[in-house]
Structures are given as C-alpha cells and as structure tokens.
Amino acid sequence: MFQTLYSYFWWERLWLPANLTWADLEDRDGRVYAKASDLYITLPLAFLFLIVRHLFETYVATPLAGLLNVKEKIRLKATPNAVLEKFYAATSKHPKQADVELLSKRSGCSVRQVERWFRRRRNQDRPSLLKKFREASWRFTFYLIAFIAGMAVIVDKPWFYDLREVWKGYPIQSMLPSQYWYYMIELSFYWSLLFSIASDVKRKDFKEQIIHHVATIILISFSWFANYIRAGTLIMALHDSSDYLLEVRPPQPPQPPPTSPVPPQTHPLRPPQSAKMFNYAGWRNTCNNIFIVFAAVFIITRLVILPFWIMHCTVVYPLDLYPAFFGYYFFNFMMVVLQSLHIFWAYLIIRMAQKFITGKVVEDERSDREETDNSEEEEEAAKNGPLSNGHPVLNNNHRKTD
C-alpha cells in the first residue's frame, strides 16, 4: 500500500509537463538537477537554526538590548489564588461579568479585586519587552542577510532582467550551487519558524502566520521538486526585500494635551510604545523613517511587483511552452494563498500608516495591548465629575493594593 501511494505521489503527470519523465532530470554531462532527497537536510538544518538563534539572542541580542537601553518594565503580579487560577487555566482568561461575580463569592474577593487579578494574571503571560526585542533582532538579522545573499544569487542571471528567461528550456534547467544553498537555507529557516511558533510572541494574526509558514514551506518544496528554481529564487528574494524592514514598527506619535479634567496617566506600569527593535529602544525618529520605507517597499513588492510581474510570469509564460498540468495549477494556487495574506497584512499596514499620518495613536495592529490598573482611577474620576464642591478632583496616582 505504501509503495502504491508513493507511486501515485511521484507520478510524472502531477509534477512535470506532458512527454517528460523523471529520467529527463537525472544528472548527466556535468549538469545537476534538483532532487526531492536534497530537502532531507533542511530538517537538521532547522534545528541548527534554533541553536544558532538561541546563541544569537543570548550573546548578541541581549547585550544589544542593554546598549539600546531596552529595559524590562515592572509588572504587578497577581496574588496566588487557587480558585481564580483554576478558572484562568481551565475555563477562560477573560471571564464574563456573571463569572466574575460567581468567582467573587467563591474566592472571598470583591468583584473589583477579581477583575484586577485577571488583568494582572493576563499581563504575566504576555511576553516581556526583552523577549520581543530578541525575537525581532533575530528575524531582522536573518532576513537582511538572506536578502543580500539572494540578490547575489540572482542579480547576474538573465532571468532577473527578462522574466521569459525563467522558463527557457524548462524543465531541463541545471541547478547552480548558489541556488542549492539559497533554497536549503531559506526552507530550513521557515521550518525553524514553524517549530518555534508555539514559544514565539503570539499576535492577533497567529493563525495567519501559521498559514503563511505552511504555505511557504509547501511552495518552496514544490518549486524544488518541479524544478521551478528560477521562479522560486525570484519569489524568495522579493519577499526578503521587505521582511527585514518588517521587524520595526512606528511608535506612538506625541499625544495632544488632554482636554478632560482627568490628568495624564503617569503610572509606572503604563505599557511602552508598541513597536519592534529600535522602537523598543525608544528611537522615535528612526522608527518613523524606517516605517515609511517599509510601508512603501511592502506595498510595491507585494501588491505590485509580485502579482503583476512574478505571478504574471508563472501564470502566463509557461503556457507558451507546454499545456497546463497539475503542478502548474498547484504552484499558482499556493501563490494566490500567499498573495491573499499579503493583502490582509497590507490592510493592517495601511491602517497603521493612516493613523501615523493623521497623528493618531499608532500601535502594532497585530499586538495585544497590555492592561493596566489605571482604568479604575479613570472610572472613579468619570463618576465623580470634573469638580467636587467647586474644586478640581485630584489624582495622585496612588497605586492600589489588593
């Protein structure tokens, strides 16, 4: 049965155009072709990437964070409470009002104390600023090196300037050593991202990230099997061109003076500005400039060059050489999946850019906000009104305790 499934999986009509077989892609006369067995090395390389990442984050990113003055902020810890902890772990991290009242009776705490406990408990599970910085530093470093290496691999090739050259002589196209290593390193890195996604910083687009990693791994692997190497190197380099800029985000612009009688919050636990890398270090002007460049590069590469040049190349040009086959449809379907994710992320980027240009609060649309206890003081001020017996209400920002 296994042999039958194996034969069906590697049926030439699934992977290659008509009248071609795997025998046509056997090494001969000094010409080397891509083989499925080549990809076995990517799994041990992925684990090697995880080791290198750990060393990088420990001995490079952490000292760099210290130099850039990236500091951990103090978080109030939730007081130990077995009843609340059991509900938090087994039922929900965001209890409904009815649950809060029930937990208040069971735990012996007031409703306000239960709400505060859950806020602090959720904050304890949120990744630290240092963890975010280290993760962003690692990805920034890899993507930047990968982009430089990718450009070195393809910039001197004729298909970089003339996309019709991508399919010249396909699939009898010899593989170059530079293409081999570019593929192996890129695929290994995406495997490592998939392996570590459970422990990495989780954002609101967590599901989309998984889809992206899986689609990328399938697309890279399939393009290797079907000898779509020329198209594959172009696609990987195009993505790397903006991915390293993705690791920075715009900070919150200066806030206008408050118009309400409630004074501005100066609580020491107020969350820092939402961003990555330099933004974690508070380099406002640097982040502003990089965000503008990133937004422009992302939109041009992912919403213009990729669909109107690269996808046009993979959809239209092959049909001039051979009839469409399963591999042709499958490859372009995966390209559509990636393009759909690009449109989703472009929407988030445009939203951020709009807020950034208009001077509104800008934060990473994919990140969760850290909750503070300040909302309680604001609620009290709203209830009491701006004046009490003709005198303004004072807020001394005293920290509340359980």
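Including glycine, each Cβ sits where the backbone N, Cα and C put it.
Straight from TrEMBL, the features:
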type	residues	note
TRANSMEM	38-56	transmembrane segment
DOMAIN	67-128	domain 'Homeobox'
DNA_BIND	69-129	DNA-binding region
DOMAIN	131-358	domain 'TLC'
TRANSMEM	140-160	transmembrane segment
TRANSMEM	210-229	transmembrane segment
TRANSMEM	290-310	transmembrane segment
TRANSMEM	330-350	transmembrane segment
REGION	363-402	region 'Disordered'
COMPBIAS	370-380	compositional bias 'Acidic residues'
What same-chain residues lie close to the transmembrane segment (290-310): Cβ under 8 Å, and 6 or more beyond its ends?
163, 231, 234-235, 238-239, 241-242, 245-246, 248-250, 278, 335, 339, 342-343, 345-346, 349-350, 352-353, 356
In the same chain, which residue numbers or ranges, 6 or more beyond the ends of the transmembrane segment (210-229), come under 8 angstroms Cβ to Cβ?
15-16, 25, 33-34, 36, 38-39, 170-171, 173, 175, 179, 183, 186-187, 190-191, 193-194, 197, 235-236, 314, 327, 330-331, 334-335, 337-338, 341
Chain residues in Cβ proximity to the transmembrane segment (330-350) (below 8 Å; excluding those fewer than six residues from its ends, i.e. six or more beyond)
205, 208, 211-212, 215-216, 218-219, 222-223, 226, 228, 235, 294-295, 298-299, 302-303, 306-307, 310-311, 314-315, 365-366
Could you tell me the mean pLDDT over the domain 'TLC' (131-358), as a whole number?
81
Could you count the residues of the domain 'Homeobox' (67-128) that DSSP puts in helix, in strand and in coil?
36 helix, 0 strand, 26 coil
